[in-house]
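Heads up: the structure comes next, in structure tokens.
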């Protein structure tokens, strides 16, 4: 018969082995859980990235559609202006001296009509001349030789100058008209364009101002 202490040692060793085995199993399960958590986070990250890409592609598609509509409208308005006897010029003008470069885009009559009075139209803040005068050019072009510029920093008119004043806009448009050889004309402006037009009152050979 085995002594009692032997049985105690046997059960202690067996318990220790079982505890070690259970600990190993728990560590293995913990490793599996950690891997699952890591994979879940990675999957969530990929899902979020996919959603972000989807939103980006959707925004680009909407932007592309909008740009397509705007581009089509631009083409339509350009054709309308040309049907009304206008063509475009881009003039490089020197206003203020220095090393600044200013170019002014302007719609002008394709053929000058000496019997017609010259009418300068100045658009309001934002956009360009086509978007703001397309409803008026049909009737007006039958009675006037029209000159319709894009103000500097709008449309296709650009300048490296830091000047942003209404007076600067007036000087640029006035210089463009002189460059085109136009001596006498009336001028009308809408909103911001009206303030630009008012600055023409100090310039010579202007027949009338309307805003």
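Each residue, glycine too, has its Cβ placed from N, Cα and C.
Automatic, uncurated: that is what TrEMBL annotation is.
Feature annotations, courtesy of TrEMBL:
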- 12-67: coiled coil (COILED)
- 118-199: domain 'AB hydrolase-1' (DOMAIN)
Open item on the list: DSSP-wise, what's the residue breakdown of the domain 'AB hydrolase-1' (118-199) into helix, strand and coil?
Closed with: 32 helix, 18 strand, 32 coil
- [ ] Could you pull the average pLDDT for the domain 'AB hydrolase-1' (118-199)?
- [x] 92
